[in-house]
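Following this message is one structure expressed as structure tokens.
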């Protein structure tokens, strides 16, 4: 029945929206400063693998079978979630100090010395209480304006840059460019895997800013290249043999560039905002990002009827704007604890 399909899509939207920002924030809160970026990008890599797997499997089975297969990872998550420890920083926020130390020991190892880390977390959370006004209004304090505008801006521009359109319609884009969807999707999965592994290995060495800049520059160029391919093929019927190759390269570059740095804005949400406003900041970023992503995904087919080349050139322009935002506004956060980052980005005085 159509209403069941709609209900399923709505529930998926809610759950994906919540887990999409909770998972990277949780990972950032439980890991140490020297591996925080690596573990967060591993999450993005796993998401890319899952999507790529479904792309390939979906080429062989009916969509209803694919939907049933997708319930298996969800059931595994439900079972495994009972075995993960609570975030130490959240435990400090709610005053459960004994459980905080137990959680740190669980995460760092029974023989690890967690005394300094526990004290740093407790002191930082205690210092936040004096400036906290309670509730979502905390995020609208003057000291949080710059980091909030920065991460919201990155997420909005990334989505306006076409990631949902590329992800949802990659198979259709391959076909319209004259390429087998099966060949394209398998190659796409391999590209995302290789680039994702590369990003995971270098993020804590090179830092967040370099990867974000390379990623956004790659998104800009690849969108432009894809636009050129459609411009040559559909608008002027030039270079019939070469334009599909341009589209193929452009799409692979786009998804590879996204695999390199597309999940890093969520890492910055967890790094730039303290525990008392992290939930509010994440909710605002999630709403703004997913809203713009929905608009692009919903209207993409209509926009391609207007101009296939034009929509990709528009995506390229938004990616260029994102590059400028990152270059001028995003701080480097590698190699510091969350408390050190937040103390430097949002000083205690308003």
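Cβ coordinates come from backbone N, Cα and C, glycine included.
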Which range, 119-145, 173-199, does TrEMBL list as transmembrane segment?
173-199
Report yes or no: does the transmembrane segment (173-199) come within contact of the transmembrane segment (6-27), defined as 3 or more CB pairs under 8 Å with a sequence separation of 6 or more?
no
With contact taken as 3 or more Cβ pairs under 8 angstroms (pairs 6 or more apart in sequence), are the transmembrane segment (281-300) and the transmembrane segment (63-84) in contact?
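Between the transmembrane segment (63-84) and the transmembrane segment (281-300), which are separate recorded stretches, there is no contact, as judged by 3 or more close Cβ pairs.
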To what whole number does the mean pLDDT across the domain 'Major facilitator superfamily (MFS) profile' (1-334) round?
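Mean pLDDT across the domain 'Major facilitator superfamily (MFS) profile' (1-334) comes out at 85.
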Any contact between the transmembrane segment (244-269) and the transmembrane segment (63-84)? By contact I mean 3+ C-beta pairs closer than 8 Å, pairs at least 6 apart along the chain.
no
What parts of the chain pack near the transmembrane segment (211-232), using Cβ distances under 8 Å and only residues at least 6 beyond its ends?
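Result: 154, 158, 161-162, 173, 176-177, 199, 202-203, 238-239, 242-247, 249-254, 256-258, 260-262, 264, 308-313, 315-316, 319-320, 322-323, 326-327, 330.
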